[in-house]
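Visitor: Submitted below is the structure of interest, expressed as structure tokens.
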Amino acid sequence: MDDLRRRIPDKKEPESRPDSESDHRDELDSEDDKVDAAQTIPQGTDKTPEVLTDVLSGLSSRWRNWVIRTIFTLFMIGLFGFIIYLGPLALMITTLLVQVKCFEEIINIGYAVYRIHGLPWFRSLSWYFLLTSNYFFYGESLVDYFGVVINRTEYLKFLVTYHRFISFCLYVSGFVWFVLSLVKKYYMKQFSLFAWTHVALLIVVTQSYLIIQNIFTGLIWFIIPVSMIVCNDVWAYLFGFFFGRTPLIKLSPKKTWEGFIGGGIATVIFGLIASYILCQYQYFVCPIEYTEDAGRMTMECDPSPLFRPQQYTLPQSFASIATAIGFSGTITLYPFLLHSLSMSLFSSVIGPFGGFFASGFKRAFKIKDFGDVIPGHGGIMDRFDCQYLMATFVNVYISSFIQMSSPQKILQQVLTLKPEQQLSLFNMLKFELEERGILTRSPMIQP
């Protein structure tokens, strides 16, 4: 019995935790207070405007949502057409406003999830980083397209020369501000929202910058991709609503294969027709450039070969079939239509994954919409989740396959060279133009 007692160790009294460990436990406990974001984020999909409440009261919720969604879809399409009519400046301002609203919706989810309202300076810091990012990206656009004019204004020359350094200083100031605002027991929350803010900037600000770049390249590079996403969204919804039977992806249970395929086919057809129409107008195909003579932005140019009808020879197999039924073995079309086909395939096959990504994001936080700005649709981000992915693709596509150089960009780079380098470049360019017969060779002066 004594042996047994010796083998069984006495039960030890629980040791008291050091203060540091207790503090650490309290800190962890303070982080574990996330809330359901749906309680604070307004949801707009099932929202019915008061004006339509009585009119649609007799319809089922399914058809009532369909009617509201249709009405506001037509309204947004009309508004988009009106903004296009107002010109590129209106499009750029609209892009900026949409960007700000999307950023606000994403950040508000972070505030709701982490119950951050009591922490010092974080709302101010989020908006400060947004302003800093916009200063950098939009400043880059101004330097690229208006740098020559700005350089001639003495008090603005400093901003052009040191634009990136100023942007970096602004960002570092925000970084230091964030570190100084850290509060004990809320470190995890603050760093989580710091990362949240930067992800929002990556998704929203950088993509809107690429949209501005696409607009400067030519309105057609903005209108066609945006319209393709709208077309795909509308027709996928219609085909899914009336014919949808087969679920497509678990992240978005209402999406069906019928809607996905029907929307894709409709988008390809729409893209080719819309591209054919827009290719015939200088207003849409010419790049936006600032002319010093007119003192304003212009969209007048000699259209590039991309927007001029070209004759293509069909492959032998297709040519023989065409000849057999009485058609020619060649086809005449705008080269841009081939690029439009690539964009329509991307918007139909890959574009919806932007929406699936957003659906997964919303399901992770148990919310249905990013907001309630647009009845029947949700928030602004709910309508632009696929647009941002498409804008990136178009910008990469242009730089990879079109490679349109801007004289303003090249001249701005030349102005940053030293005077002797500029003179050397001038002589080399003059020699090349004379060799190609574009310039008349100046006669030699005899001593």
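Including glycine, each Cβ sits where the backbone N, Cα and C put it.
Sharing the record's features from TrEMBL:
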type	residues	note
COMPBIAS	1-27	compositional bias 'Basic and acidic residues'
REGION	1-46	region 'Disordered'
TRANSMEM	66-87	transmembrane segment
TRANSMEM	127-150	transmembrane segment
TRANSMEM	162-181	transmembrane segment
TRANSMEM	193-212	transmembrane segment
TRANSMEM	219-239	transmembrane segment
TRANSMEM	259-279	transmembrane segment
TRANSMEM	318-337	transmembrane segment
TRANSMEM	343-361	transmembrane segment
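Where in this structure would I find these features, and how exposed are they?
Guide: If you look at the transmembrane segment (66-87), the same-chain residues 6 or more away from its ends with a CB under 8 A from one of its CBs are 48-49, 52, 56, 59, 94, 219, 223, 226, 230, 234, 237, 241, 374-377, 383.
Sequence-distant contacts of the transmembrane segment (162-181) (same chain, six or more residues past either end, CB-CB distance under 8 Å): 119-122, 125, 128-129, 132, 135-136, 139-140, 143, 190, 194.
Non-local neighbours of the transmembrane segment (193-212) in the same chain are 92, 95-96, 98-99, 102-103, 106-107, 110-111, 114, 116, 122, 125-126, 129-130, 133-134, 137-138, 140-141, 178, 222, 388-389, 391-392, 394-395; each lies 6+ residues outside the stretch with a CB under 8 Å from one of its CB atoms.
Listed as Cβ neighbours of the transmembrane segment (259-279) (distance under 8 Å, sequence separation of 6 or more from its ends, same chain) are residues 220, 223-224, 227-228, 231-241, 243-244, 248, 285, 307, 333-334, 336-337, 340-341, 343-345, 347-349, 352.
Tertiary proximity for the transmembrane segment (343-361) is limited to same-chain residues at least six positions away from its ends with a CB under 8 Å from its CB atoms, namely 224-225, 228-229, 232-233, 236, 249, 251-252, 255, 260, 263-265, 267-268, 270-272, 370, 381-382, 385-390, 393-394, 397.
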